[in-house]
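Below you'll find the structure, written out as structure tokens, and then a few comments.
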Amino acid sequence: MSILVVGLNHKSAPVEVREKLAFNANNIPTALSCFLQKYQKAEAVILSTCNRVEIYVSSLDGAIQAEDVLSFLADFHKVELPVFSPYMYHNKDGRAVNHLFFVTTSLDSMVLGESQILSQVKEAYTIASLQESTGKVLNQLFQQALNVAKIVHTKTSIGKRKVSISSVAVEFAEKIFQDFTGKIVLVVGAGEMCELLIKHLYEEGARTFVVANRTFERAQELAHTYHGQAIKYELLGEYLAKADIIISSTSAPHYVIHTQQIKEAIKHRRGNPIFLIDIAVPRDIEPDIAKIDNVYLYNIDDLQSVVSQNIDERTREIEKCRSIIEEEVEHFMAKLEEIKIEPAITLLRNHFHAIGREELNRLKPKLKNMQDGEWEQVVYTIERTINKLLHHPAKVAKQEAKNGGGYRYVETIKKLFGIFHHTDHPQH
Amino acid sequence: MISLPHTPFIIVIILYFISSVWSIGSIVKPHAFNRKVVKWSMMMGFFIHSGFLVFLGFESSNIPITNVYESFISLLWCILFVYINLDYLYRLPSLDTFLIPVVTALSLWALTFDGGNLLITVHLQNFWLIAHIIPIFVGYAAFTISFSLSIMYLTQQRQLKHKLFGPLFNKLPSLEGIDKLMWKTISFGFPLLTLGLVFGTFWVKTQNILGEMWYLDYKVILGLATWLIYAALLHMRLVASFHGTKIACLTIAGFCLVLFTFIGTFFMGSKHAFQNVNEQSHTKILHIQ
């Protein structure tokens, strides 16, 4: 039984190639059943996100090679093999397991420590198991991978700090306001960055948005999306005192919000704090505003420096993650060896018991006078003897399997006792 | 020197000290300092503290406020009692880091009053005394907590203003959250203080325990000032709906006045129902039924 991963990601392939091989939730089940039709005793999981397409395969003694998966991909997506094969990577067994653990814990992601990949892996696995394309090996592997991700996220701070401007800004807002319900968010400008911030605030519970923009239509459009209110740009001053959070991102070459305005606003607000986020370059909000009591002003550099610090912090955690993963890969490989050896041990047991039954059948006619109760004792004794005889070899074989040498033992025993049939197929 | 019967209180202080160190440590180095130690050492300290008060009570067959030292210990007990209950009700995050060191420091200070040179001059099994002392003590306890909350507010405010995002920044709640709690504790303490002062005045007027010129007693004057400062705070918040740094600063000022009223007046010569032991032989202790 071996594990293979074949795939490509944002580091190995440009988007033009990735999009050619991408699967969606609708065609993954079809792809999986096509694959299983072709390779009947295999197990497979397809992981397809915007940054990666990977197929995890488990087959008997490495029956399926990377080339087989590549040609399957070419056939399924009707893409010429040379178009994508240079961008593909593949890993086997321990390295494949290591790769999946890296992916699930987001060490292989574009944004280190992101948690979205975890749910994507979970979904990929769920689809595959519903399609019955996973067996003992991949079930164990994916459950372990999800588990490892959880361990890594709790034991390290890889995913703790926010690493985008908008999420950092929202985090600061949360340190000023207990919650966003009933808070008024004034948005000046209607750019992409503003929209991201509004989206984040909306997700955290903010519901009252007032949008002011030079182009009123654009303000209306943005306000409409988040059930807010669009105001004429000229009315901006009137709303300053009402707003708890002010986001500014206009392309104006001069300051849009002035110290005097905020001084007056804070007087009206009687010390209720105002949080100002200036994400415009050149800046929109007069920097002196930061000196006013109960006013908190953050510009793009303030936010960016926190983002960089947080990214550094996540990067520092990589080594810790790696060592956890290494340990977990070792555990899994030991478990895999045990899985591998189980069918062989069953085979051995069945063989011995078959001999036992055969001998009992031969003996029974000769002991006609024996009572039922006595005969049961004989059968019980024979079975017990066989189990006792096999107990120790099975235990040793399992133990040895964890070190990677168990299979050899079983092969030897099989040879010695003349058991030649292979029955260790995956159990769905 | 600390006498042997006060050893339990030393143990209490050591436990509060451990709790303080761990509560600060758990913020700076969360992996090295377990949060459980903070809670357990505090609770253990509080348990012994309670036991010690019961012991003192039994020893003098009175509520343990027979001298300044005992009063101080009782007040500290009230602070922790109110804190534990508030924490249970509102889950005050990280407040222990700001409160327990204050309690530890005050406990150490309390220790310096051991020796009991100021003894109470009034009969303790007196309704008015209980009615005067208990609300005031619980009120003071609430003000101590609001003081810790203001320190917390100003710390977080400073961090936000100066963009200092250390480990403490992440642990502390939002400014608005702290502000609300501050308000809750003050509005809990103020009616109690008022009640205590009203009872006190009634007591002093009817039973003449501070003499004719009772209103010139430092403690009475400062008690009134404390009441006024908190009344001003309430007015600012309720009528003018003030928030933020000003309220936090005023709360700190209020607490300083509380401390000064409680302890400082003794240094100024106010006896306020306490009397120097060495004067005892000359003066008949007032017994009021």
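Placement of Cβ uses the backbone N, Cα and C atoms for every residue, glycine included.
Per TrEMBL, the feature domain 'Glutamyl-tRNA reductase N-terminal' maps to A:6-156. Per-residue confidence over the domain 'Glutamyl-tRNA reductase N-terminal' (A:6-156) averages 92 (mean pLDDT, predicted model).
Annotation comment: TrEMBL describes A:Cys50 as active site, nucleophile. Secondary structure at A:Cys50 (active site, nucleophile), as computed by DSSP, is coil. Under 8 Å, Cβ to Cβ, and six or more positions away along its own chain, A:Cys50 (active site, nucleophile) finds A:Arg18, A:Ala22.
What TrEMBL records for A:His99 is site 'Important for activity'. Within its own chain, A:His99 (site 'Important for activity') has A:Val5, A:Asn91, A:Asp108 as residues 6 or more apart in sequence whose C-beta sits under 8 angstroms from its own.
Marked as domain 'Quinate/shikimate 5-dehydrogenase/glutamyl-tRNA reductase' by TrEMBL: A:171-306. When DSSP labels each residue, the domain 'Quinate/shikimate 5-dehydrogenase/glutamyl-tRNA reductase' (A:171-306) comes out as 59 helix, 31 strand, 46 coil, counted as helix, strand and coil in that order.
If you draw a 10 Å sphere around the CB of A:Gly191 (NADP(+) binding site), it holds 17 other CB atoms from the protein chains shown. Feature annotation from TrEMBL assigns NADP(+) binding site to A:Gly189, A:Ala190, A:Gly191, A:Glu192, A:Met193, A:Cys194.
Per TrEMBL, domain 'Tetrapyrrole biosynthesis glutamyl-tRNA reductase dimerisation' is recorded for A:321-419.
Counting only residues at least six positions away in the same chain, the Cβ atoms of A:Val187, A:Leu222, A:Ile247, A:Ser249, A:Ile279 sit under 8 Å from the Cβ of A:Cys194 (NADP(+) binding site). Cβ proximity to the NADP(+) site centre (mean Cβ of A:Gly189, A:Ala190, A:Gly191, A:Glu192, A:Met193, A:Cys194, cutoff 8 Å) flags the following additional same-chain residues: A:Val187, A:Glu195, A:Ser249, A:Ile279.
Applying DSSP to the domain 'Tetrapyrrole biosynthesis glutamyl-tRNA reductase dimerisation' (A:321-419) sorts its residues as follows: 90 helix, 0 strand, 9 coil.
A:Met193 (NADP(+) binding site) counts 17 other C-beta atoms within 10 Å of its own C-beta, drawing on all protein chains shown.
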